[in-house]
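Undergrad: Take a look at what TrEMBL says about it:
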TRANSMEM  A:48-75  transmembrane segment
DOMAIN    A:49-238  domain 'ABC transmembrane type-1'
TRANSMEM  A:87-106  transmembrane segment
TRANSMEM  A:112-129  transmembrane segment
TRANSMEM  A:179-199  transmembrane segment
TRANSMEM  A:219-241  transmembrane segment
Amino acid sequence: MLVTRPLNKILVLLLPLLLSGCAADWGWYVVNPTTKTGMTNLRFLLSGLYYTVSLSLIAILISVFVGLLVALPGLSQKPYLRRINRVYVELVRAIPILVLILWVYYGLPQVTGLSIGVFWAGVIALALSDSAFQAEIFRAGIQSIDKGQYEASHSISLSYTDMMRFVILPQAIKRILPALGNQLVYMLKMSSLVSVIGMQELTRKANELVVSEYRPLEIYTILVLEYLVLILIVSAGVRWLERRMKTDER
Amino acid sequence: MPTASPLIKLDAVSKHFGEFQALKQVSLEVKRGEKVVICGPSGSGKSTLIRCVNRLEAHESGTIVIDGIKLDENPQNMRKIRSKVGMVFQQFNLFPHLTVLENLMLGPVRARKLSADKARETALTYLGRVRIPEQADKYPRQLSGGQQQRVAIARSLCMEPEILLFDEPTSALDPEMINEVLDVMVELADSGMTMICVTHEMGFAKKVADKMIFMDHGEIVEEATPKKFFAAPESQRCQDFLEKILQH
């Protein structure tokens, strides 16, 4: 079941493409693995996978961490701490990711005097942008925990850090897992934007191949499939994690 | 058993929730080893009163001194007091993602800095005392309400508190489970624990209370020994209330 279901989805999605193939002038030879150039092209396209995956994973890890750090003051009793949270979330959320990527890559080095590589510029931009959403997800998740859990933690004299670490966050994370999975999918897709600053990830590779082979239809179709497979794997992983965390309690 | 120096001393404690005044200048002394039972209609401030004792609610004016430590904004004082004062809640408030044993060990390991082995030993001892040693590895949701509340009592005991607060501990339980929890509370009372219980279980009150308190509209209306309290309460409001809850 686990293997066949995503496969079915791919087939269903492929169907319109294949049908439209009757009308369009398809030239699959560019990526035909049985020919030498086809294989080389295919390898070239897939070689972007490493950067797409590593960029997204590092960015999501950072954004989860920053998001949590930003969420906590948002839950404080003190108004000025909550204000810090609001300003951060509203400000960062308002910047389009593409604009943030350009700003971090071209602007930040001028401000700081440090030169940032394409990869880290991409990581910073994606992580920053996503952290505002993560902060909101964490805040909602933590707020959904019953106040009795806080009171019980206080009554056994737990410190704030211990209460968060052992009581509140484990329960909150379980609840926000689907939302975190969503963000990871979103991140994988948004990583394609980093191609504009020359990052050699999936989209950039496809663009470059299109320029040399003049077969946008086939190459971009492959690109669609690459993202599709990646994201189906992520979804399956998140569902597996959800099931595992649920069985913990039974 | 009760000695002379008050372990808990509340002096003119007041508390508002918005416009509503939950506590009006409440003063109360509890000696070491004393058992106090508080009753009163809902909204009378009885829960708020005991929640002020371990600062789950912050009082606005008046003073609360526990074992010589003044309860105020100072977080160190607050933690010191919370480590002396255990609390049992109406809704149990067990940690649902932890096993019974983990629920019991968390406070001792993190707050009392016991070793895991020592904490486990303590936990198993108290699980035995609340008579459910066999449930150690289950999750709270697998237990009945009565068992969950007994785990909650054991969790408080694992902190080796000097005072235990009970906030309507049997109100959320099915009738057939009330006694198993009350039995544990009676045993605790017999062991010399200082207890403040908000409850309407008058049979329990008659059995263990050294002092009965009736609250209404944020004030202590009646404070008496159980004998006097049940036989001849001074205030009309207390008489009416007792009539209502002892009718059947």
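A Cβ is built for glycine as well, from the same backbone N, Cα and C atoms used for every other residue.
Give me the structural setting of these features: burial, nearby parts and distances.
TA: Residues 51, 55-56, 58-60, 62-63, 66, 92, 95, 97, 100-101, 103-105, 187, 190-191, 194, 197-199 of the same chain sit 6 or more residues outside the transmembrane segment (A:112-129) yet have a Cβ under 8 Å from a Cβ within it.
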Undergrad: With a Cβ cut-off under 8 Å, give me the same-chain residues at least six positions beyond the ends of the transmembrane segment (A:179-199) that come close to it.
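TA: Same-chain residues near the transmembrane segment (A:179-199) but 6 or more away: 51-53, 55-56, 59-60, 63-64, 97-98, 101-102, 105-106, 118-119, 121-122, 125-126, 129-130, 133-134, 137, 141, 173, 207, 227, 230-231, 234-235, 237-239.
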Undergrad: Hey, which bits of the same chain come close to the transmembrane segment (A:87-106), Cβ under 8 Å, at least six residues off its ends?
TA: 70, 74, 116, 118, 121-122, 124-126, 128-129, 131-133, 135-136, 190, 193-194, 196-197
